């Protein structure tokens with residue numbers, strides 16, 4: 001037996017001991033919250049538009065509101081996880097998803113549903129960096145030198161499997177119980193996640209008493225406000241298309257310039273521009289992740305609505321069309337995560353994304369052809385999601401890892 005083999009096995013043993021099933025189970029469940037609220041709502045948009053008496057396009061605010069909230073909340077939650085403790089932030093995020101599910105499930109009107117989606121977006125996105133801080137600290141305590149690929153991959157696979165079963169299950173629930181079930185489905189999932197996290201996730205250290213002003217400075221409230229305003233104005237502009245309202249775009253550009261000046265002077269910036277310039281590998285990882293998710297969510301939301309509204313498929317069948325995509329993506333990601341692979345899968349994922357994007361132009365009416373195109377996107381999703389997280393784990397500096405995640 002070689003010394004390297006013995007060392008590798010010892011690292012594996014330490015990792016398995018550190019990441020017991022009790023520790024990772026609530027983290028895996030929480031990783032399903034964002035996919036649940038992405039995939040289930042995709043099948044509910046058309047019924048919501050009918051119930052609210054608005055166009056299908058108007059319901060796009062339910063999608064954009066969640067991701068706008070997520071874009072601001074996720075890096076904020078990462079900073080809060082370091083300052084207040086990852087377990088506290090993790091539990092708070094799950095609780096917010098629970099509240100959002102109740103508001104959407106029992107509320108009425110598109111505005112109320114939008115508020116519910118904002119709460120869900122904040123909560124689901126808060127759970128991600130908090131969980132990653134928990135994993136990082138656990139890994140450092142266990143001593144493995146490589147990223148805990150099995151744990152990172154497990155979270156990715158849990159989310160991917162949820163995306164796979166989300167559209168068909170969401171279609172069944174919405175068809176059987178109405179569109180409110182797309183919100184109420186959060187209740188059992190969040191209650192289970194909360195109970196397990198309270199029981200099995202280690203407690204944070206006691207909070208240090210510090211002035212609120214100091215905490216606000218450390219999380220860069222000014223940067224958060226400017227970034228949120230910039231993204232909100234950009235969203236208003238995008239929602240005005242194809243008849244563009246240029247004023248919000250100008251406001252967004254102006255706020256972006258102010259944000260850049262503010263962050264250059266901040267000691268603990270919300271968006272670390274210096275890091276993005278100096279660490280180009282990390283910047284490329286962000287760009288890869290953004291492009292992959294843009295393609296995936298275009299398929300998830302656009303294809304589902306097209307199948308229902310234009311192709312005339314029932315809710316259940318529209319969801320089933322996407323089922324093979326999620327299953328294949330999960331199957332592709334498992335061996336990649338187990339080996340901490342990065343470069344090879346990224347190249348394969350990029351190639352399949354180019355092919356899939358070109359094939360979209362050829363989609364006509366045969367459902368079999370549509371499924372085939374989604375399988376190409378599945379290869380991209382499975383081949384890039386896990387290794388982008390692995391690359392992020394390796395490239396982000398330890399001092400800024402929570403907000404980078």
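Glycine is no exception: its Cβ is also placed from the backbone N, Cα and C atoms.
Copied over from TrEMBL:
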type     : residues : note
DOMAIN   : 23-405   : domain 'Major facilitator superfamily (MFS) profile'
TRANSMEM : 40-68    : transmembrane segment
TRANSMEM : 89-109   : transmembrane segment
TRANSMEM : 115-135  : transmembrane segment
TRANSMEM : 156-177  : transmembrane segment
TRANSMEM : 183-201  : transmembrane segment
TRANSMEM : 221-240  : transmembrane segment
TRANSMEM : 246-264  : transmembrane segment
TRANSMEM : 285-307  : transmembrane segment
TRANSMEM : 313-332  : transmembrane segment
TRANSMEM : 344-363  : transmembrane segment
TRANSMEM : 369-388  : transmembrane segment
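Sequence-distant contacts of the transmembrane segment (183-201) (same chain, six or more residues past either end, CB-CB distance under 8 Å): 22-23, 25-27, 29-30, 32-33, 36-37, 40, 87, 90-91, 94-95, 97-98, 100-105, 113, 116, 120, 134, 170, 173.
Listed by sequence, the residues of this chain that lie at least six past the ends of the transmembrane segment (285-307) yet keep a Cβ under 8 A from its Cβ atoms are 38-39, 42-43, 45-46, 56, 63, 163, 167, 276, 313, 317-319, 321-322, 325, 346, 349, 353, 356-357, 370, 374, 377, 380-381, 384-385, 388, 391-392, 395. In this model, the domain 'Major facilitator superfamily (MFS) profile' (23-405) carries an average pLDDT of 85.
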